[in-house]
């Protein structure tokens, strides 16, 4: 009642006022003025002064406007109200305390810096003032009890009225101060991030996230709908992040844990920002036992006159505590996840930046990818315990103190059990880190071979390795699962420890207390003591569980941080060259080497020795040598990628264009690959395109140069890949198109033109590298590793390497010919005349098309979670889930029911002390022991049985989907996206999903059990439980519509990030050559910034859910207390206490449910992606393709195409058109044509890698469209263009993957291909395959050895010899002739000189079969093949041999005629009787001559004819042969035992090709 108290009752500290004022339910005015007025005002004065000093120098960001004016106008009446209060307080006779004047003066003084700060903050900050907002908010709450107290004191009616008026004005000021200033901001400072605008109240209540939630609930979200983030959560644009700077200052980077200090220093203020809300959270949580005790005591003594007033205040206290828990928990967690997001941005950027500077030959792609995915995610996952670790220690200490007050020495039991759990958890954590590393290493090995398979899918299918690789990768997955089970067994122990404390602590403590207590009312275990202790035990269990889990998670995070530290601490790449980027003269050489020894690292044996050479500016230098002699190493030395052990290499240019041996493309359009980030210059672009022979390809492609080439160019032919990808600007192997367009003056080509057809090769060489090519016109310096030795006359300088790694000879072509006679066999004396209209290509108009657009957002983002759950559940039989849920239900009952048991026990003690004590204790122990047993049984059954099965099945489904996908899928899908499913998605499914499912089920079952206990204990609340459940369902449904999309978008946003990272790792040498590292860093930061948006916003909406559900619990508690107070006289105190104890537990369970559910839904996003991928990816296997071929299939070796037309994607646009031909057993057939003519497509149809729209392909008379595709590929031996080497596998596994042959046969085969000497010095067949083990040509020989060991009678070479030197090519051709003499051979090739002795040639153009005849037949008449052959390096040799043979035949005829004339002159001397013997002797003489000349003389018997020479016959004979074909009897097999023409040609060709070697 107003005016019922005197000032004397308030003029002391109190804090509680006497019973005369509200029955003692109030604080004293003295206490309130000290803590609710003076302390806030003094704090504001100090904080506002400091803030004004800091912000006054900031730039003006916001205009004044009405908001600024109104705030200052309202501040004036507020200041006046404080002056009026001071005036009234200072009047004599006005009741006041000793602190009243000081309090009022400080409140008035606080308005001065407050006003100035409002002015500064409005103009110089985008956000509302945090200091002003917090002060106004807190003092508004404090003014409520102050106004109430002043109102009750006699003689202060006017003061109270003024005070209330000032409070109202303060409320208006708070509204204005928190008002956003978005429309008043100057344009140059406008920020799209909503958190840059929102004030502290908005952010604490998460109002800023509501627009995103409403939009996500209504429609599908796109990337444009996502909020932008503050700059602090994005990677630093310059890469100078705070973590980087602190890391650079670390002296001992090899020390374990060295990464922790830089992170702590970099984010110290962000970490400290979460301390205060976490302390508030702890304070509010610890307040719950006091509320329970006060409530139980209130209802025990409900008949007191002040009970109703106390009950009302108690409801307010519940509102304050549970509302505070909701806001403080959400705020503390939000601050934590902000730090996690910042840490992720910094670490990913650091790993990427380090990857640009690492040594290329040491670069482990799988290890770096694992750091980017698994380790980063594990660190961020464990980062949520940043504040929980230290806060749990504080909470545990307070809880133990309160338990000691309740149970005396029995309160010691929890600390003993807790200590045991903690020590055990620490030991487990130490073991967990080691086992986790073993698991991650297993993941790394599986991901590495999966990435390799995805990057070589065409070769995998052609080689028939699909099933083998599926089994191998699945076996690695099973090994990985076994490794994970060792780690998961420790997780089970951690879960057991977390719940062991919950089960056993109250049992032990209550047993000790009950056994030692007497029968006095203040000693027994009564309701108030028992229920308060139960509340404390529940909280203590939560604190211990959090501490134990945080210790384990922190240990795992530290292990991952150490792995990142090891990577960052690696020695960076050091350029051993002397690079001079300053201007130079025309006479300054581009590259100089002086007695250089080259090796991979210091201390190793050198690979190249005593190199001295000089690459002149604007010259063409060609490097030649035998396979494995070090040509590629020499080029890498010029690039600075290989160490110069001795000597000096000087480079007078800062950028080089490098083109490696393998065609390498980014997943972008053709134009993007050529431009590489350079501005688009249409005339120059068209000129470059024409020079590289791409204009025809553009016209044949529907989208022109906007066609997406796919990962590694799988959608292009081998030749198209080489001409596009080998000059790729962005990521893959660079080649001429990119190099020319980029303007780099020095180009290094490592056998970049291999694999092109002769016409295209001639075109590119002439237009780019020829005497009048673009390189000459643009004054470029070109260094070219080549096997096309017929090009040597064009070189300004030649470097020939010896097999021992030294320079055999160098100089001009003429110099080399003089110094080494056999080099003359490499090329003709003069370059051939090149039939071109113009040496400088005419610019062409490039086809334009709509730009390639990404696929729209998948419907899977909004798909039903029910389907995802069902998909996951169906991975194991249903009875396993029934057993699991049954075990879980029993355990939850054994954990929840003991609280009811203790309540019954306490109620008995209230009525009769220590009644049935032994029985109560015994049953209590039974519940605890059984609960522990069922917990372990539940965890073991799920983690070791169900999880292992689901992991295996999901990976098997995913892998089977990928290996069965058609080639069109790999052409249109980025390999990084697919690999993301095997790394990121499976990581979530393996690491986070199992524990999330276990803990979510546990929390859900506990929530249900606690709600049942609450309903039974407080009967009137039962009616509100359905409403509460309904509210939960509505909130959950509303939340899930957005979070489901965000979690999918978060995973999808990582795919381009990983793709960019893979491109960096694969093209590291190229990127460094072009000095494009910075460009890639910027792209990574842009992709990382985009990835951060869904990542952070998902956390934000999860915190929104946490806040809303905690607020719902607060509302539920208030309803419960309201009903209890309304029915106070009919409510049992112990039953209400039991309900409140379970409310406390329910609050913890809801928090656990939220935390675990958010992890679960994030993990389920990965399951959704796998499910959608498996269901939406088309399989190449058709329904009718189920038959298996007979065991002797391909034994006849016949292949027949009948009217075959085939397509890639669109049946209306066939790429093969009406092909018909038949190949007989043992026949050698070559397939030729220009690049893109359909050669590889023809054999792809045989391997069923493209679809037939009409016609049939038969092998041994069986239509292959009825057979399983893998069976076809396993039966037909295939060698793809790119050698397939399974890195990480042994040589034996690579050479004999099907394990057909014994070791001896494998070794003999390796000896035949010349590779055993390399392996014998290592580990033999057990040598682990690695990139640096073999050169490109040696890898192809290894694949040839694999083909030699395969079973089958049909072998297909798909440009298998395109990238090897002539000697290796000759070796492979000899192996084909000897080892596959009885096989049917189909060879796709551009090297036409190697197939002259084939039985037949198929000439392709634009998918049409133009010609099909023996090669000599086609050469003998005008034909497309003849024109192609004219452009090959064998044409001049062919013509020379033909002329030589024709001349030999002419001389033989002349000799024959002369002999005949001599014979006719002697006939008169020979009698008829002797004539037959003479003729016989002459025949024998000519047979000997015939053998000496290789069987080229017709087997004709000399007969009598006139002495006059038959010149007409000689002319006819010469004409018969001049076409390039011999039609006499002796042209085929070499006559009577003589050497055949093929053998002669092969012998001569081999001698020419082996010149240097």
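Just so it is clear, glycine is given a Cβ too, placed from its N, Cα and C backbone atoms.
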Swiss-Prot annotation of transmembrane segment - which of the ranges 531-551, 552-572, 573-593, 594-614 it falls on: 531-551
Long-range environment of the transmembrane segment (1105-1125) - Cβ separation under 8 angstroms, sequence gap at least 6: 205-206, 295, 299, 308, 311-312, 314-315, 318-319, 322-323, 325-327, 329-330, 333, 1014, 1018, 1020-1021, 1024, 1028, 1031-1032, 1035, 1039, 1043, 1131, 1136, 1139-1140, 1143, 1146-1147, 1150-1151, 1154-1155, 1158
Closest-packing stretch to the transmembrane segment (531-551), where packing means Cβ pairs under 8 Å, from 256-276, 311-331, 385-405: 385-405
Averaged pLDDT, computed only over the residues in the domain 'ABC transporter 1' (593-829): 77
Intrachain neighbours beyond the transmembrane segment (996-1016), with Cβ under 8 angstroms and 6 or more residues off its ends: 495, 885, 888-889, 891-893, 895-896, 899-900, 938-939, 942-943, 1022, 1025, 1028-1029, 1120, 1138-1139, 1142-1143, 1145-1146, 1149-1150, 1152-1153, 1156-1157, 1159-1160, 1163
Surrounding residues of the transmembrane segment (1020-1040) on its own chain - C-beta under 8 Å, 6+ positions past either end: 213, 217, 865, 1011, 1014, 1101, 1104-1105, 1108-1109, 1112, 1116, 1119-1120, 1123-1124, 1127, 1139, 1161
Tertiary contacts of the transmembrane segment (311-331) (same chain, 6+ residues out, Cβ under 8 Å): 25, 203-206, 277-278, 280-281, 283-285, 287-288, 291, 294-295, 298, 1103-1104, 1106-1107, 1110-1111, 1113-1114, 1117-1118, 1121-1122, 1125, 1128, 1147, 1151
